[in-house]
Amino acid sequence: MQEFTKFPTKTGRRSLSRSISQSSTDSYSSAASYTDSSDDEVSPREKQQTNSKGSSNFCVKNIKQAEFGRREIEIAEQDMSALISLRKRAQGEKPLAGAKIVGCTHITAQTAVLIETLCALGAQCRWSACNIYSTQNEVAAALAEAGVAVFAWKGESEDDFWWCIDRCVNMDGWQANMILDDGGDLTHWVYKKYPNVFKKIRGIVEESVTGVHRLYQLSKAGKLCVPAMNVNDSVTKQKFDNLYCCRESILDGLKRTTDVMFGGKQVVVCGYGEVGKGCCAALKALGAIVYITEIDPICALQACMDGFRVVKLNEVIRQVDVVITCTGNKNVVTREHLDRMKNSCIVCNMGHSNTEIDVTSLRTPELTWERVRSQVDHVIWPDGKRVVLLAEGRLLNLSCSTVPTFVLSITATTQALALIELYNAPEGRYKQDVYLLPKKMDEYVASLHLPSFDAHLTELTDDQAKYLGLNKNGPFKPNYYRY
């Protein structure tokens with residue numbers, strides 16, 4: 001599928017020596033995770049594991065971590081009250097009864113709450129990870145113990161990554177009819193290896209900008225054969241997950257990996273979309289001097305009005321202390337940029353894919369890689385200069401730290417409703433194209449989360465609703481409204 005190959009996958013290429021390759025895929029858990037290093041050298045694919053019910057329909061690092069993972073999930077549920085509320089409201093009618101959902105997302109305590117919600121609503125689920133470093137091993141174990149067919153562990157190799165996806169899709173006697181994807185790799189694999197599966201698929205729900213790009217490429221080429229829902233560009237994803245989640249998690253990820261002090265540091269953020277805006281706001285608040293690079297004049301003007309200098313990367317690359325990519329594009333930071341960085345410059349990515357930083361160009365004999373701590377590599381030039389590369393250019397927050405549970409509840413609720421909508425839509429409502437969520441659905445997701453803040457909406461009077469030409473119950477904004 002040529003359309004997919006235009007957007008390289010997040011796993012990238014792994015061409016280092018065996019010793020470095022092993023250190024790059026050690027089964028480190030996230031900073032909040034329980035770890036058991038006794039069997040780190042044994043691949044989960046080589047183990048024979050069963051849960052307490054005797055099932056072996058999973059592949060995780062260590063099923064014995066399930067009890068700890070269950071506690072992590074229960075803690076997440078406390079801050080995901082809206083998703084739990086949706087689960088309770090819809091559990092009786094089972095809107096996903098008969099749904100067979102194959103998913104490829106980050107596997108964390110928060111996504112586990114989503115997966116178990118889908119199961120409670122009647123779906124059967126098979127799940128793999130969309131990022132080789134973001135899986136919380138104990139959470140994957142808890143899902144496996146609960147009967148979910150999950151194939152994921154932290155520190156997968158590239159071969160492991162595709163093997164896990166294949167195990168989810170290719171199972172005798174079970175065929176998916178819905179796809180929930182984050183990055184497009186699952187969709188790509190089905191197109192490439194099992195195109196006949198799409199005869200049964202009712203729809204695709206895609207969360208990330210990378211995956212959405214790939215869907216639009218297919219649609220433009222006339223090769224998208226099922227309806228797809230673009231969750232990434234929904235208001236509830238863009239304005240909450242992308243902005244507020246990144247505003248908090250960028251600092252967490254950088255602190256945990258580098259212990260950097262932000263006051264007075266010069267930072268360049270590539271991209272001033274919602275992710276970039278969140279990162280910049282957090283860095284500025286702690287006293288960092290922040291520069292922006294942008295291709296879009298509207299976003300660039302927003303950055304200027306927010307008090308940031310908009311520059312070309314080449315203008316500041318020699319002086320900055322930190323480089324952060326937030327574009328969803330490829331080769332934003334090239335080998336030329338990396339060669340010109342000053343000693344100890346920190347380089348990381350807050351976009352979905354690992355293609356934003358040209359990490360492949362650093363896999364050369366003249367450069368030495370030194371793993372100094374989990375997800376932190378020093379790339380050393382012949383003259384002794386070091387560049388600090390985080391998570392091998394993959395997503396910083398989920399690879400190196402955690403993300404705010406409440407914000408992920410908003411995204412997870414949106415994903416659940418999108419799956420329900422596509423699965424239950426009458427024939428003909430959605431064609432073979434990419435769709436945004438209906439405005440009413442966005443508003444419903446937001447309304448479910450307001451009680452957490454003890455927030456109370458004002459209600460329109462009949463006269464006010466008539467004056468504005470609105471239904472008193474919404475939607476309250478036209479589709480063209482920009483929040």
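Every residue, even glycine, has its Cβ placed from backbone N, Cα and C.
Marked as region 'Disordered' by Swiss-Prot: 1-56. Residues or ranges marked as compositional bias 'Low complexity' by Swiss-Prot: 17-36. Taken from Swiss-Prot, the feature region 'PEST' covers 18-45, and the record attributes it to similarity to another entry. According to Swiss-Prot, the phosphoserine annotation covers Ser21, Ser24, Ser27, Ser30, Ser37, Ser344, on the basis of similarity to another entry. Under the heading region 'Interaction with BCL2L10', Swiss-Prot lists 91-154, citing similarity to another entry as support. Residues or ranges marked as substrate binding site in Swiss-Prot (evidence: similarity to another entry): Thr108, Asp182, Glu207, Lys237, Asp241. Sequence annotations record features per position, and here Swiss-Prot assigns region 'NAD binding' to 234-401. Taken from Swiss-Prot, the feature NAD(+) binding site applies to Gly271, Tyr272, Gly273, Glu274, Val275, Glu294, Asn329, Met350, Gly351, His352, supported by similarity to another entry. Residues or ranges marked as region 'PDZ-binding' by Swiss-Prot: 473-483.
Between the CA atoms of Lys237 (substrate binding site) and Val275 (NAD(+) binding site) there is a gap of 11 Å, rounded to the nearest whole number. Cβ neighbour count for Asp182 (substrate binding site): 27 (other Cβ atoms within 10 Å of its Cβ, all protein chains included). Once the Cα atoms of Thr108, Asp182, Glu207, Lys237, Asp241, the listed binders of substrate, are compared pairwise, the greatest separation found is 18 Å. Asp241 (substrate binding site) falls within a helix when secondary structure is assigned with DSSP. Annotated pair Val275 (NAD(+) binding site) and Asp241 (substrate binding site), C-alpha to C-alpha distance, rounded: 9 Å.
When the neighbouring Cβ atoms lying within 10 Å are counted for each of the binding-site residues (Glu207, Asp241), the highest count belongs to Glu207.
Residue environment of Asn329 (NAD(+) binding site) contains 18 other Cβ atoms, counted within 10 Å of its Cβ in all protein chains.
Residue environment of Ser344 (phosphoserine) contains 13 other Cβ atoms, counted within 10 Å of its Cβ in all protein chains. The local packing around Thr108 (substrate binding site), expressed as other Cβ atoms within 10 Å of its Cβ over all shown chains, amounts to 26. Here the Cβ of Gly271 (NAD(+) binding site) has 27 other Cβ atoms within 10 Å, regardless of which shown protein chain they belong to.
Note on proximity: among Thr108, Glu207, Gly271, Gly273, Asn329, the binding-site residues of the record, the Cα nearest Ser344 (phosphoserine) is that of Gly271. As a whole-number mean, the pLDDT of the region 'NAD binding' (234-401) in this prediction is 95. Long-range Cβ neighbours of Gly351 (NAD(+) binding site) (same chain, at least 6 residues apart, Cβ-Cβ under 8 Å): Val209, Thr210, Gly271, Val275, Thr325, Cys326, Thr327, Gly328, Asn329, Leu395.
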